[in-house]
Amino acid sequence: FPYQGSSIILESGNVNDYEVVYPRKVTALPKGAVQQKYEDTMQYEFKVNGEPVVLHLEKNKGLFSKDYSETHYSPDGRRITTHPLVEDHCYYRGRIRNDADSTASISACNGLKGHFKLRGETYLIEPMKISNSEAHAVYKYENVEKEDEAHKMCGVTQNWESYEPIKKASQLIVTPEHQRYMEIVIVVDHSMYTKYNGDSDKIKTWIYEMSNTIRESYRYLYIDTSVAAIEIWSEKDLINVETSAKNTLESFGEWRARDLIHRISHDNAQLLTATDLDGPTIGLAYVASMCDPKRSVGVVQDHSSVNHLVAITLAHEIAHNLGVRHDEGSCSCGSGYTCIMSPVINPDAMKYFSDCSYIQCWDYIMKENPPCILNKPLRTDTVSTPVSGNELLEAGKDYDRDSSANPCYDAATCKLNQGAQCTAGPCCDQGRFKEEGTICRRARGDDLDDYCNGISGDCPRNPYHA
């Protein structure tokens, strides 16, 4: 990077070796489009290592559940719950133009903040603290000065040998038709509230950014995650939060079963704490417990100033609730990457679930079929007469597309025409699924091709990906 050896103080900490970039917005609203504060799609141009980069961003719709709420407590102990409008939010997912393997998870609220993958390398980006300037810093996590070099670990130590052997990847076919939907409540304890000096807006922004990353990570597992609520214990803890992760997890699960689950519709709850948990532990969750009133929970320590790392820890603990184990040596999520389910939190780019996690998650779902994640959260409680062309997928509809552009379904009913199997996708050809074994995504480098499975229009990820 141009500023090697120099140091700068950013929100994520002191950063050595960074590059100053000036992202330039290059998109314009389509003619006649309604102006939103944050557009549905945006593009930015800047340079990384002298190479021009075009970052394409799409608003992460569905990030918040339909009944999303925020709760805090008054000094006299009263619970105060609001339902803010969050449709026009500023959290995006994206990719780099001309880099098929690229990804991005970006907050565009005040400049660009988040991370993106470019040419196999993961970079962080955030605005520099310079008034009246568009300057941003781009850097790698390895260049953030570490306060604590000790290994940080998940506290789950279950004996995995008690599990039955799982299916081979070739026997497990998961398609978008199997999609599951998980609504999550994030509970912030009083130590977190104190750590952020009682700034609830800052805490919520921190959680929004993490939720954006979590949602992107779970896309690979065909699980759609959304935030059902954020609850901040602003006056005092409602359970005994201890340095023992095990005791805190048990208390939190019991509180959820007797309190939270009766007032907020959700599938899973995670406690975020600034309490320094015993030893190297920074997270703990029950295993294979999704939908259980007491056990569909986890506890995570807010252990890093880098949002991405805390987000991945949350994603890790939630995955335990979904029956996913720690990765072993044979598990892979791409060459050179440390996968999300590593038992040790690695400062490398941890953003992807491994092939093992994919199989274990769906092996658990297929066997146990946890019921709470079957229902797709609707954006309203109203079930209206099915009509095409709106954004809401209403009861009885197969698709929500512009009928004039798609001959595969009936515009009057929004149901597939007789004989049509699909409307679009790499494995859909004139309304019919392509044959099983047809290549739908070519391999990059030493990776493997992805193939159509004959039962979906989408291109499923090859479970044997390197």
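Cβ coordinates come from backbone N, Cα and C, glycine included.
Small disclaimer: the values here were computed from a predicted structure and weren't measured.
Swiss-Prot lists 1-6 with the feature signal peptide. Residues or ranges marked as domain 'Peptidase M12B' by Swiss-Prot: 180-377. The Ca(2+) binding site annotation in Swiss-Prot covers E183, D267, C372, N375, and the record cites similarity to another entry as its basis. Annotation source Swiss-Prot lists disulfide bond at C291-C372, C331-C356, C333-C339, C422-C428, C427-C452, C440-C459. If you look up Swiss-Prot, you'll see H316, H320, H326 marked as Zn(2+) binding site. The feature active site is assigned by Swiss-Prot to E317, with sequence analysis given as support. The domain 'Disintegrin' annotation in Swiss-Prot covers 385-466.
Taking the features listed in Swiss-Prot, we show where each one sits on the structure.
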residue	record	Cβ contacts under 8 Å, 6 or more apart
E183	Ca(2+) binding site	S65, T225, S226, V227, A228, S265, H266, D267, N268, P377
H316	Zn(2+) binding site	C154, G283, I340, M341
H320	Zn(2+) binding site	C154, V156, A285, Y286, V287, G298
C356	disulfide bond	R325, D327, E328, S330, C331, M341
C372	Ca(2+) binding site	D267, M290, C291, S296
C427	disulfide bond	F433, K434, T438, C440, C452, N453, S456, G457, D458, C459
Local confidence of the prediction over the domain 'Disintegrin' (385-466), expressed as mean pLDDT: 60
Look up E183 (Ca(2+) binding site) in the DSSP assignment and report helix, strand or coil. strand
On a C-alpha basis, identify the one among C333, C422, C428 that is nearest to N375 (Ca(2+) binding site); the candidates are the disulfide-bonded residues. C422
If you compare CA-to-CA distances from C428 (disulfide bond) to each of the recorded positions E317, H326, C333, C339, which comes out shortest? C333
Residues sitting within 8 A of the centre of the H316, H320, H326 CB atoms (Zn(2+) site), not counting those, run C154, V156, G283, A285, E317, A319, V324, R325, I340, M341, P343
The correct three-state DSSP answer for C356 (disulfide bond) is helix
I want to verify one value. Collapsing DSSP to three states, which class is C333 (disulfide bond)? coil
When DSSP states are folded down to helix, strand and coil, where does C422 (disulfide bond) land? coil
E183, D267, C372, N375 excluded, remaining Cβ within 8 Å of their centroid (Ca(2+)): Y181, M182, S265, H266, N268, C291, I373, L374, P377
Calculate the distance in Å between the alpha carbons (Cα) of the residue listed as 'active site' and C422 (disulfide bond), and round it to a whole number. 35
Ranked by how many other Cβ atoms lie within 10 Å of their Cβ, the disulfide-bonded residues C331, C333, C440 are led by C333
What whole-number Å value do you get for the CA-CA distance of C333 (disulfide bond) and H326 (Zn(2+) binding site)? 13
CB neighbours of H326 (Zn(2+) binding site) within 10 A? 21
Between C291, C428, C452, which of the disulfide-bonded residues has the fewest other CB atoms within 10 angstroms in the structure shown? C291
Using DSSP and three states only, what is C440 (disulfide bond)? strand
